[in-house]
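**Q** Structure provided below as structure tokens; questions to follow.
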Amino acid sequence: MGVAYLFFALLCLSADVEPASVKANGVGDPFALVANRYILELDPSSANDAKRGYAAVHQQLYQGLESRDVTHNVNKEFNHTHFVGVSVTLKSSDDVSKLSTIPGVKAIRQARRFSGPRPVSARGLSSEKNWNSIPVSQSSHVLTGVDKLHAQGVTGEGIKIAIIDTGVDYTHPALGGGFGPGFKIVGGYDFVGDNYRPGKSDPVPDPDPLDQCLGHGTHVAGIIGANPGTNPFNISGVAYSASLSAYRVFGCHGGQTEDEVIIDAMLRAVEDGHDIITLSIGTAGEWPGSTSSVVAGRIAESGMVVTAAAGNDGASGPWYASAPGNGNGVISVASVDTTFFPVLTATVKGATHDPIPYYAVSPLSPVSTPFPVYATSNDTTAVDDACNPLPDSTPDLSSFVVLVRKGTCPVMQQMTNIAAKGGNLTLVYNNVPGLEELNVSRNFKAALIIAEDGEFLVRQLAAGVPVAISFDGDLVQFQDPAGGLVSSFSSFGPTEDMYFKPSVGAPGGNILSSVPESWGLYLLASGTSMATPFAAGSAALLLQATGKSYEVARNIRTLFQTTAVAVPSNHTEGAVLQTVTQQGAGLINVFNAAHTTTFVSPGELLLNDTVNFQAVQNFTVFNKASSPQTYQISHKPAGTAATVTPGTIFTAVGPVPLSNDFASLVLSVTTFMLQAGESKTITANFTPLRVDPDAFPVYSGFIQISSDAEDQAPLHVPYLGLAASLRDKQVVDDTDVVLGIKVPAILNATGDVQKVTTNYTFEEEDFPSVLLRLVFGTAKLRFDLVNDNIEINTTLNKQVSFEEAESTFEFLGERPGGTFGDVPIVGSLDEFNYLARNSLEEDGDPFYQFNITTPTFANGMAIPNGTYKILLRALRVTGDPANESDYESWLSPIVGVTVP
């Protein structure tokens with residue numbers, strides 16, 4: 001297709017950015033949807049020649065494509081019980097409508113690209129520093145009961161785990177030092193090769209999954225399987241006796257991989273006989289209908305455990321679950337901060353104070369000479385400390401340790417203002433509990449310290465005490481004030497169609513594990529990428545402890561959810577529980593899951609929105625013990641998440657505000673006894689939350705089941721509902737809040753907003769672009785060309801009336817049924833399915849840009865010279881694609897096509 005492309009903007013824009021810079025700088029990597037590439041799912045039973053098996057249905061497809069004059073290239077065939085299909089690239093996206101008429105085509109899904117895994121933070125550790133504390137991995141094991149199972153000899157023996165990632169450096173001493181039978185890394189496959197870049201270079205597969213360039217998969221492998229006693233930190237993997245296989249789906253450039261590569265790897269892992277598949281991979285804001293999510297879900301339903309990352313986009317707020325973790329049955333894993341991790345320390349001079357822990361890769365200064373401290377503000381509550389240029393009275397800061405409070409502006413902005421006064425050595429004291437890596441350029445020597453330490457130093461300076469700091473302290477274990485809480489970076493669900501994601505949480509904040517030698521052998525990293533293999537390793541322990549079986553594997557997600565520990569929103573006494581849209585069912589406790597004498601199902605209750613409200617919910621309690629148990633049922637509500645900022649159309653940014661507005665419920669029974677082997681079904685009748693629906697409040701909580709048996713830990717079933725109608729959520733941004741210009745808008749050849757009729761020659765840069773933002777995901781975004789005198793009631797700009805009319809050009813193909821098909825279009829420009837909303841996160845993608853680079857329709861036919869308008873339509877969530885009233889719509893100014 002030469003007509004148009006939808007692009008992510010890689011540049012964050014402020015309100016004063018001129019439209020010209022949008023056009024000049026806003027075009028970056030192509031959107032996650034791959035233009036004109038589709039993955040077709042085929043129904044093998046539709047083929048006439050059953051003896052030929054899968055080959056017959058493929059041949060039937062190719063014959064159908066040929067008979068319908070669909071020009072295409074075949075990229076990959078899939079022949080597996082979980083998925084029979086083919087990846088094809090079409091010359092024209094307008095041919096998509098022909099695909100559904102071919103016998104045997106079961107589903108058509110646009111191919112996607114997945115971004116490479118990237119931890120939120122990562123820092124190496126020097127084993128030369130004094131290290132006399134317990135191993136850092138121990139705290140995450142204690143937090144989840146892993147240490148207790150290890151003490152019982154349960155270490156994952158006999159379980160096979162497939163790691164789909166960047167490959168693994170199997171030469172690492174903690175990972176066995178070799179590859180193949182007899183080693184820890186027993187197998188795997190490289191699906192892409194070192195130089196793979198989607199859209200730029202093709203995969204070059206080979207049987208060796210060695211990765212010594214990226215290191216991410218090696219870190220993942222260490223979390224699962226690092227051998228104890230093989231490293232200076234004495235870390236051990238969660239399931240260090242399990243057998244691992246590495247399936248490499250990213251090249252050394254790391255940037256992206258494609259749907260079909262991940263699908264290929266998952267199906268290969270099934271064929272190779274694994275018990276567990278783990279994917280620390282994700283694309284944010286995705287819908288559960290992507291092919292990789294569907295295939296992952298089917299594998300999970302077949303009796304394999306599949307864990308996948310929930311995502312690291314907590315700052316982007318709710319409704320931002322990642323694929324393939326959002327697949328049905330897949331265990332989507334959130335991150336919880338571990339309780340202890342190693343940090344460096346600074347020594348305070350001039351005042352009595354304990355050594356100050358700071359988060360850095362190496363000492364901020366190689367010399368032990370103390371530096372005097374200079375605070376940019378004496379106000380320890382300032383939200384904009386050093387966010388603006390420092391005053392003229394500021395001294396030369398080159399000889400100071402500059403102290404600044406973390407504020408609402410980017411840390412790099414603070415560093416730039418400090419550097420303008422000569423400062424380069426900076427301690428930033430946090431404005432929330434805990435420590436994390438600062439996102440600053442390596443040109444700046446800066447590290448984060450906890451709020452209490454920074455406030456102490458400010459008070460000393462304000463009192464006239466000349467405090468100084470030296471950076472000669474040892475490596476110590478830091479007890480994280482945020483330990484045991486959901487990591488701030490962990491993504492919020494639910495999915496756009498109200499499915500329960502993430503599923504559970506696992507330790508992922510500040511996890512020490514293995515990396516290639518070129519990276520320093522060991523690395524402390526944070527991300528749901530770290531939590532996901534932790535959950536996979538925990539599943540291996542559970543399979544060993546309870547015995548491998550189809551039933552156990554199918555129930556592991558439910559076991560993890562019902563035996564998890566609910567996580568509070570903070571450590572203040574009486575704090576409301578964190579919303580399940582971020583913690584899932586809570587922090588897993590694998591010891592409790594392995595030793596529970598009660599099984600509760602299902603593992604989650606979905607109440608839906610107000611229009612589709614499911615008030616009556618049932619769950620079953622089964623006594624597996626050999627003796628009677630008496631149970632008590634109670635309600636533990638979690639904080640209700642205001643997912644949209646009041647008075648706006650924008651989703652809230654993280655941390656999402658929580659309230660004490662709880663749903664209420666009536667239980668059919670609150671106390672009962674079960675004999676050994678008995679079960680009972682309990683009914684919970686929910687009353688919907690009565691609050692203002694404009695904030696799209698997502699309410700959640702837990703129904704707790706407590707037993708009188710001493711060895712039975714409390715269990716629970718989480719629930720989730722929306723006190724608003726999903727269909728009422730606006731999808732397309734029609735404000736100027738984010739970009740400083742009202743969107744949607746047409747940008748002309750110079751990047752300015754088109755305000756009057758403008759002609760385009762489509763020579764060089766002379767073409768129009770549609771600039772738009774999505775404030776919520778949409779299952780269908782469509783661009784059509786219409787006559788310039790059309791009269792249609794659009795939702796995002798006002799016209800006078802609507803009259804049914806025929807398409808100007810009959811050759812453009814059949815129009816869809818329903819009122820959607822009644823809209824008179826000249827021709828289709830393009831259509832995109834299952835799009836994520838745009839993000840306001842600092843490194844997110846604030847807008848989409850649809851560039852109409854050539855004067856052709858989606859089917860490749862030339863657009864005749866003339867004047868037209870561009871009609872944009874976005875389907876509301878839960879809307880009917882055939883119903884025009886279920887779309888938001890916008891009509892552009894007049895666009896002239898004047899091809900010489």
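Here the Cβ of each residue, glycine as well, is placed from N, Cα and C on the backbone.
Quick paste from TrEMBL:
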- 1-19: signal peptide (SIGNAL)
- 156-583: domain 'Peptidase S8/S53' (DOMAIN)
- D165: active site, charge relay system (ACT_SITE)
- H216: active site, charge relay system (ACT_SITE)
- S529: active site, charge relay system (ACT_SITE)
- 607-720: domain 'C5a peptidase/Subtilisin-like protease SBT2-like Fn3-like' (DOMAIN)
**Q** Just to verify a number: CA distance, D165 (active site, charge relay system) to H216 (active site, charge relay system), in angstrom, no decimals.
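**A** Between the alpha carbons of D165 (active site, charge relay system) and H216 (active site, charge relay system) there are 7 Å.
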**Q** Between S529 (active site, charge relay system) and H216 (active site, charge relay system), how many Å separate their Cα atoms?
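**A** Rounded to the nearest whole number, the Cα-Cα distance is 9 Å.
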**Q** Can you give the mean pLDDT for the domain 'C5a peptidase/Subtilisin-like protease SBT2-like Fn3-like' (607-720), rounded to a whole number?
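**A** Averaged over the domain 'C5a peptidase/Subtilisin-like protease SBT2-like Fn3-like' (607-720), per-residue pLDDT gives 96.
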**Q** 10 Å Cβ neighbour count around D165 (active site, charge relay system)?
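**A** Excluding its own Cβ, D165 (active site, charge relay system) sees 30 Cβ atoms within 10 Å.
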**Q** With DSSP assignments reduced to helix, strand and coil, which class does S529 (active site, charge relay system) get?
**A** helix
**Q** Which number gives the other C-beta atoms within 10 angstroms of the C-beta of S529 (active site, charge relay system), all protein chains shown included?
**A** 29
**Q** Using a 10 Å cut-off, grab the number of neighbouring Cβ atoms around the Cβ of H216 (active site, charge relay system), all chains included.
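**A** Here the count is 27.
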**Q** Can you tell me the three-state DSSP label for D165 (active site, charge relay system)?
**A** strand
**Q** Kindly report the helix/strand/coil residue split of the domain 'C5a peptidase/Subtilisin-like protease SBT2-like Fn3-like' (607-720) according to DSSP, in that order.
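**A** When I sort the residues of the domain 'C5a peptidase/Subtilisin-like protease SBT2-like Fn3-like' (607-720) into the three classes, I find 3 helix, 61 strand, 50 coil.
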